[in-house]
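Student: Here's a structure for you.
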Amino acid sequence: MKCFAQIVVLLLVIAFSHGAVITGVCDRDAQCGSGTCCAASAFSRNVRFCVPLGNNGEECHPASHKVPYNGKRLSSLCPCNTGLTCSKSGEKFQCS
């Protein structure tokens, strides 16, 4: 019951966070729609959600696997959208 309550709270926090889009719980990219990947939750790597690929100016992870990736992603960030690359911008990496 405690685990269920934690998951509900996690989903609510993510749903109402600025810029977060939840399209569904997943295990692999193949379970997500076009333009999304199955990324690990920022709170627990055991929970994954279908989230949009990175757009211009959005934060990214330089080692993120291309889409579709058959394994389980460890990052909470998807790769950049088609035509964009993940490059260092100041202290962060951003899609550009």
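Glycine too: its Cβ is placed from the backbone N, Cα and C atoms.
So Swiss-Prot says this about it:
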SIGNAL    1-19  signal peptide
DISULFID  C26-C38  disulfide bond
DISULFID  C32-C50  disulfide bond
DISULFID  C37-C78  disulfide bond
DISULFID  C60-C86  disulfide bond
DISULFID  C80-C95  disulfide bond
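Have a look at these and tell me how they're positioned relative to everything else.
Tutor: In the shown protein chains, 20 other C-beta atoms lie within 10 A of the C-beta of C26 (disulfide bond). C26 (disulfide bond) carries neither a helix nor a strand DSSP state and counts as coil.
All protein chains considered, the CB of C32 (disulfide bond) has 24 other CB atoms within 10 Å.
Over all protein chains present, the Cβ of C37 (disulfide bond) has 26 other Cβ atoms lying within 10 Å. When secondary structure is read from DSSP and collapsed to three states, C37 (disulfide bond) falls in the strand class.
The number of other Cβ atoms within 10 Å of the Cβ belonging to C86 (disulfide bond), over all protein chains shown, comes to 20.
According to its DSSP assignment, C80 (disulfide bond) is in a strand. Residues within less than 8 Å, Cβ to Cβ, of C80 (disulfide bond) and separated from it by at least 6 positions along the same chain comprise L53, G54, N55, E58, C60, C86, C95.
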Student: CA-CA, which of the disulfide-bonded residues C32, C50, C78 lies nearest C38 (disulfide bond)?
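Tutor: Result for C38 (disulfide bond): the nearest of the disulfide-bonded residues is C50.
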Student: What's the number of neighbouring CB atoms sitting within 10 A of the CB on C60 (disulfide bond)?
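Tutor: Here the count is 25.
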Student: Within 10 Å of the Cβ of C78 (disulfide bond), how many other Cβ atoms can be counted across all chains shown?
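Tutor: There are 27 of them.
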Student: Out of C26, C32, C50, point to the one nearest C78 (disulfide bond) in space (Cα versus Cα); all of them are disulfide-bonded residues in the record.
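Tutor: Of the disulfide-bonded residues C26, C32, C50, C50 has its Cα closest to that of C78 (disulfide bond).
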